[in-house]
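Reviewing the structure listed below.
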Amino acid sequence: MKDKIQNQNFMHTLNAEQKKAALHTEGPLLLLAGAGTGKTKVLTSRIANIIHQNLALPHNILAVTFTNKAAKEMSERVHNLINCYGLNIGTFHSMAAKILRDQIENLNLGFNNRFTIISHDDQLTLVKDIVKLKKDIDAKKYTPKLIHIIISRWKDQGLLPNKLSTSDTNLPLQKIAKLVYEEYQKNLLISNVLDFGDLLLYNNELFIKNPAVLKYYQEKYRYILIDEYQDTNIAQYLWARMLASLYRNICCVGDDDQSIYGWRGAEVGNILRFEKDFAGATIIKLEQNYRSTLPILAAASNVINNNKNRHSKTLWTDSSSGEKIKIISCLSDKEEARYIACEIDKLVKEERYNAGNIAILVRAGFQTRSFEEAFINSAIPYKIIGGLRFYERMEIRDVLAYIRISLNQNDNLALERIINVPKRAIGAASLNKIRSYALERNISNFAAIKEILEIGNIKAKSYESLKDLLTKIDNWYEQFIIDTPINVVKAILDDSGYLAMLKEEKTEEAFGRIENINEMLRAIAEFNDIHDFIEYSSLVMENEVLETNYGGSVTIMTLHAAKGLEFDVVFLPGWEEGVFPSQRSLDEDGEKGLEEERRIAYVGITRAKKDLYITHAESRKIFYEIVRSCPSRFINEIPDEITIRTSSMKQYNSFYKF
């Protein structure tokens, strides 16, 4: 029996190319979807059509996104079209985590399915600890942060330590990183924890070593859809290719012109070689834009057409009207900020736009300070997107560590984080004794403490504290089996003394931390399984960019963070050589770097729906130095006939207030 279609006319709302993609059901499909062309609508319509035509049951369909927000939106939109249950919609990491939760023991490496996922900060802490132990590593020259970046890159490329080639370890830093990588993986194994790179890395190892396991998931996921394919790294690409190799019913949606995450492992070549990977693939282009005006689309197309390594496509719209793009020359970066502040003030006071629909998108973080000053002086409400995220705050990470050690007693990082929080009279000497004992016997710190307590080889005060803590951890584990996550976490907060510690501080900071913990409890209350919450919180930290409404404040954010968003009015400041395109990108990656910078410009331009301002300064203060500058080459790539080019000085008399 066919699942019930909620909206019988959903195909009639698609344009010709969208409908062609939604009706395509057999064989590989590459959907080249330009900015604002309705790709999510097509993806969800395609899923609904596959189910409605009885080509697959919902649980045989796998849809992969890059963020939890995108996964949730896709799921909701599918359910608005067709009444079905059991769809597999999630991020790369969440889907990989589910597979490993069921299959990790088939890797025969020593992991079990009670593994936990450690955060970025915990990964860095572990690297630091390893570097400290290796006395021959100069930590000032070869910093743990750099070593961690290299290890993460290798994982994104699908490379375990034993698969690194000579070319991967040519440089002294790479040689050291390999040594640390080997020790790092051993530590993860002892603690029964994985980092984010491991999720795809071990999935791929699992599929290669266990053809029967791969076949099981190929049969399970007969239809595969991948969103934002241009942002995939090598490990994600290999994972998708293996899963799709049996039935070849894979639909990859992306826009190579919006591939802007090369610095974090994204490989634009994945989308460019799709036709080679899947012979006979169908290619459909979505070029009709439903977001921006004609001048904005013309600007975007003219800029991106200067890139050589791309699939040819041209955005167009039914609308023939639209404001010309304003390109403003300013004397300095301070004047640039004042001009933008005054222009925003005028737009809002004239009731042309709401402040919440206006954004300033910068290429680099150092550009934001001048806007903060200008907005404060002009009493313009604003918010800077960035900084510390919720799940990265100290108190949240502490509570997460308590939960993790309760679920997985071998989690060394979690135990070390909470062992003395609140204070338990466990000094440095006791901690070192525990670490050394564990290291010598190749066991976890938790197991080491148990053995030390049995021997009695520790100070009396520490003995009582450690015995009490271990007993509580055992109790919390048992409680998680029989009680709801929210009840157990509340018990942890009370029994551990953590909440009492904050209450005793009686400071504004402590009060804020308690409020954050209460907010965390509200999130936990939505989960029936604590493992689901732990995975969710970890993946949110890695994947989410912005999950908030725009309110009545102007948004200031980087161009990278703005991808996927849209605003009525967009200001693009700092379009000068050296700032944008970034000199660092040009120096390090040459033509490849320039093409990525141009894609970033394309993303910035296409965030605007109605009005676009591009500004550049004749001089700019960069790290305390005044630097003379030239307009960005990208400005010269925008045709004169769709622009109004002027100087901010011409407008001083009309609206600047002193």
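Placed from the backbone N, Cα and C atoms, the Cβ positions cover glycine too.
The model shown is predicted, which means the values in this text are computed figures rather than measured ones.
Residues G36, T37, G38, K39, T40, K41 are recorded by Swiss-Prot as ATP binders, and the candidate that the same record lists for that site, out of R291, R310, R338, is R291. Same-chain residues that are not part of G36, T37, G38, K39, T40, K41, R291 yet have a Cβ within 8 Å of the Cβ center of the ATP site turn out to be A33, V42, L286, Y290. Confidence annotation: the domain 'UvrD-like helicase ATP-binding' (12-293) carries a mean pLDDT of 94 in the model. K39 (ATP binding site) counts 21 other C-beta atoms within 10 Å of its own C-beta, drawing on all protein chains shown. Sequence-distant contacts of G36 (ATP binding site), defined by Cβ-Cβ distance under 8 angstroms and a gap of at least six in the same chain, are N289, Y290, R291, S292, L315, E566, T606.
According to its DSSP assignment, T40 (ATP binding site) is helical.
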